[in-house]
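According to Swiss-Prot, the Mg(2+) binding site annotation covers 837. The annotation Zn(2+) binding site is assigned in Swiss-Prot to 1163, 1166, 1182, 1185. Positions annotated as phosphoserine by Swiss-Prot, on the basis of a large-scale study or a structure entry: 919. Annotation comment: Swiss-Prot describes 467-478 as region 'Fork loop 1'. Feature annotation from Swiss-Prot assigns zinc finger to 1163-1185.
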C-alpha cells in the first residue's frame, strides 16, 4: 500500500470502486501482489517450510524405513526337547513430536520458551516418542522342514499409558509448526519477551542461535554430457549420478565414455559400472540386460532408422561386442571383472545380475524385472553422448542453476537423523542379542539409548560439522553458523544465504561467476569479496525452495492420459513420440505432447498438481521433463494469456484482483469492512493468475519485464512524438509471444542489496561492497535487545528511516528497525582533512547525539562441578586463602561474588568472583602455604574496555548449578578514526571534527554534519549517491519519502524539476561561506541530506601499543594480539627492508634486545652450551672438556638458543665459536 491517501477515497464510496475491474494492471499495482506474497510467506519461508516438511513427513519415513528388527534364535539341538526356535521382533510405529520441553535437574519437566532457552543456555528442543511393538514367535524345528513361526506374545511398551517410547530430542526451528511462537499473537510475543519482528528460521542450541546455511549441490538423476580435453583418450563422456528418491543419500555414478579422439578409427563406447574394475563395452551390457540382437540394441540407442551418421558411429561398438552373443556369457563377462575373485560361474553370473539390478541406474528401480527400462535409459544416455559427439548438441553446462539443488534444514537434518537412527537400531539389536544369549529380560529402557540422537543432532548443530562426531574430519564444516545479530538486515540476509562446498582455494573461476540462469533466483550483488566470492550466494527476495512432493500421482495421471509405458515402446513405429521423464526417470512416451503439456499446466494452475512442480517441454529434443524433487529454487511470475476480447496477449491479473488484495490488506491493518472476503497470495495462485517457475522451466518460456511491455506496439507509436525528457527511455518490444511477466524487476535483488537506493545507477562492485557493509551498520537489531544477553550488541541512539527509500524496505522492516541516520552532507574540499576517503564531521552535531551508540557486552560464568563433592563457588575471593588472584581490583564485588548493576567498571576489574577448592595434597608451584584452600577462577572485564554494569542475571543451568550472565554497557561517541559509509560502498573514516562555527555554512545558515571529498565520486561512478542526495533534499523539503527503488520511471530530470519548484538550484548546488573567514567559497557546493551508516569498526577497539608485557613460555618472545597485550611483530619483510637499508644495529635492537635477548656461556673447545656457571663465585666449567678457562659469554636470542637445543635433540650438533676462541 504505497499510497493510503489515494486508496482512502475509493473506500468511501465502494471497496471495489476501481475504474474498471478488468482493466490491465500497472507496475504500481504489482506492489500489492508483492505485499500479499510477503504477508503470506515471510522472508524465511524456505527455512520454515523445509523444517516443517521434515517433521511432518520425512521423520516418519525414516522411522518406517528400518522399522523392524528381527532376531532369530535357532534351536541348539543339545537335547531332544531343545528343538524350539524363537524369533524376536521389534517394530517401530508412529512417531510423535512434543512441544519444546526442558527436563530440570530435580526431575520436573516443563514447557520451554525460546527466551528462557537463550538466557539459560539451554537447547530449544522437543521430545521424540515412538510406538514400539515387541513380538515373540516360536516354531518347532524339525530337520529338513521349513520353520513355521507362530505368534506367542505381543506387547506394546507400557512405560507410558500409550506405549510410546522416548528415543531422543529434536532441536526445533523457531516459528515452525512445532514452536510455541508459530501461533502466538503480537501481545503473546510481548509477554514471552520476544520481538514481533524476529522471523524465526533458526535453532537455539545451548543458548546460542544457529542457522543452517543452504548447501548447494549438483542435482542427481540427470544425464550430462561433457567433452574431455585433448590428452585424454576419451573424447566425450555422458554421466549420471543416481540418487534414490527416498532413502539414503547413496549415490552410484554411471559413466558412458566415447573412446578415441575425432578422426581416429574404431571409436568404441564403453561404460563404467559400479564395483566393476574395467570399462565394459555397451553392447555387452545390453546383452546382459537381455537385449540380444544387434538391430534391437541399435534401436534402443538410435530412434531414427535413417540416421546413418549415428548408426555409423555405433558400428565399432557392435563389432566390439560381437564375440558375446547371449545373456549368460555377457553376465559372466561382467562378473569376471568384478571385485570378488575366484568364485564359481553361477556365483559370478548372480553377482553380475545383482550389480545390474541394485547398483546400475538404481534411481529407476532396484527391483528385478525392469531390465528393459534400464536398457532404454542406457540407450538414451548413449544417444545423448553421440548427439554431442556429432556436434548436433552442445555439451552440458555444469553451472546451469536448474541443474543444481539446495539442501536446506529438512534434507540436512534428514541425512543426519537417518545416520543416528541407524546407529540407535544397531545398538538395540546388539542389546537384543545380549539379552537372548544371557537369557535376561528385555528392558526397553536399557535398550534405547536416547542420548545417541539427542547429542548427535546437538553436536552437528553446535559445531557445524555435519556428520557423526567420530568422523569429524570427513564431514562438511560450517553448515550451521551462529546467527548474525549485528543489525536486522544482517540477520535476514544470513537466513537466506547459500553455500557451495567447493575448496575455497580452487583457482576455478566458472563456479564463482554469475550465470544467466541465476536471474531472479540469486542476488547479483550480494556475495562476499575475497576467497568465498561467488561461492557464497544469497537468495533473491521472492525466491523459494521446493520441499519435494510425491511423484506417484503424476505418474499415475500420465499413464491415464495416454503415456505409453517404456516397455511397450517401439522406436521405429512412433519416431515422433516425445520421451516423458519424471525426476530423471524415463517412464514412457507420448504421441501428443502439446495437449498433454496444456493439461498438466491447467492442472497445476488449478492447484490439482502441487504448484512447486516444474514441467519443461523441450520441443526440439522431443522431451517432456517433470521435476517434483526437493531443493529446486523457484520464483513466482504473472501468467500472460491470449485475451480474445482484446486480440492480443494480456496479463491474467486485473485491477479487480488488485482491489481485492488491497481490501484484504486494509482489513488487516485498519480492521476495515466486515464483509471483505479474504483474498491472499494463495488465492492468486489457485486462480491461476501467478505461477512458480524454476530455473529449468524458465528456459522454455518468454518473460516480459513490465506489464506495460505487453501493450501492442501500435498503441505506443503515437506517444513517441512528444518525448518527455524527464521520462525514462523504454525498450521497444516487437515480441508477441510472451507467456509470463515479471512481477517486478527489482525482485532480482536480495536482502542487503534491496536497501540500496537506485542500485541501477551504480557500478556493480559498489553494490557488492555496500551489501557487505550494510551488515556491519549499527541500528536496532531487535526491539527486545534490552531483555537479551547477547555476547555483543551495538545500538544506535537515534536511528532514522532514510529519506530515500526503496519499496522493498517495507518487507525488510527497514523503516521500523533502521540502521543509520540522514546526515546533511556537503561534497567539498575544505581544509584538506578529508583526503583519501576520510571525512570532516561536525563536532556540535556529535555533541547533540549524531551517530552515538550503545555497546553491550555480556560475560557468562557458571559453577562447574568436578566429581561428586568438589564444586566451584561464586564469592568474593580473599587474598588470605586464595591462590593465583588476578591483578584487577576485587573491591567492586558484593559478597556473593557478583557486581551490582550501575557500578562503573574499567579494564581488568573483576566482575564475577569465583573460586575452586584445591585438594590438600596438590602442590602449587611453590606459592602454596598452609592457609591456601582455594584457587581463583574469576572473570575480569576485558582489559581494553570500560563501562557500566547494565544487568546481572542469576539463574541455574540444566544441571541445577548456579549460572550468571553480566552485561556491561558503554557509550561509543564518534571520534577521529571511526568508520562510516553511505549506502553506495563509499566508506570513510573521520579525519577531523570541527565545531559548527568552523564549518562552512549556506546562505540560510545551514551547516553540514559531514563533508566528504569530491574525489570520492568520479572514479567510483556511484552516481546513485548523488541522486540519493538530490532526492533526499526534495523529500526533506516536501515532507514525503522519496522513492529510490530501482528500475522505475524516476529520473534525475524529474527530481531536479521538483527541487527547482521548492526554490533551490535544480542540481542541488548551493553557495557556501568559509567557516573560518566568512568569505564566499569560490565553487558552488553540492549539498543535501544523505543516509549514512555507522560501521562497527571503531578506533577505540583497535588502538594498541605495548612496551613491556607478557611473554610466550616456549620462545620467551612477546605474545601476539591486542587482547593479550601482545607485541607488534617485526616480520620478515620488515627485516628485509632493514637489511636493504644496511641498518645493522637497529636490526639487532629490534630482533634481539627488544624481543628475547638471552645470555649463555659456551665452551671454547667443544663450542656447546654445556658450561656450568656459578656466577656469584665467578666459577665456570665445561665438564665434558674438563675446561675451566676457555669459556665465553655470548648474547643470542632465546629462540636461537631453543633452536640449537632442538637440533641437538635431533642429533645435529651446532657448535658456537667466537673470534677469540678460534685464535685460542
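Glycine is treated like the rest: Cβ placed from N, Cα and C.
Remark: of the binding-site residues 1163, 1185, the most isolated position is 1185 (fewest other Cβ atoms within 10 Å of its Cβ). With every protein chain in view, the residue among the recorded positions 837, 919, 1166, 1182 whose Cβ has the most Cβ partners within 10 Å turns out to be 1182.
For the zinc finger (1163-1185), DSSP puts the residue distribution at 0 helix, 8 strand, 15 coil. The residues of the region 'Fork loop 1' (467-478), classed with DSSP into helix (H, G, I), strand (E, B) and coil, number 0 helix, 1 strand, 11 coil. Cβ atoms under 8 Å from those of the zinc finger (1163-1185) belong to residues 1191-1192, 1201, 1204-1205, 1213, 1215-1218, 1220-1221, 1224 of the same chain, restricted to positions at least 6 beyond its ends. The Cα atom of the residue listed as 'phosphoserine' lies nearest to that of 1182, taking the binding-site residues 837, 1163, 1166, 1182 as the candidates. Each of 1164, 1165, 1167, 1168, 1170, 1171, 1184, 1187, 1190 belongs to the same chain as 1163, 1166, 1182, 1185, is absent from that list, and has a C-beta within 8 angstroms of the C-beta centroid marking the Zn(2+) site. Taken residue by residue with DSSP, the residue listed as 'phosphoserine' is part of neither helix nor strand, so it is coil.
Secondary structure from DSSP puts the residue listed as 'Mg(2+) binding site' in coil.
A separation of roughly 60 Å, to the nearest angstrom, links the Cα atoms of residue 1163 (Zn(2+) binding site) and residue 837 (Mg(2+) binding site).
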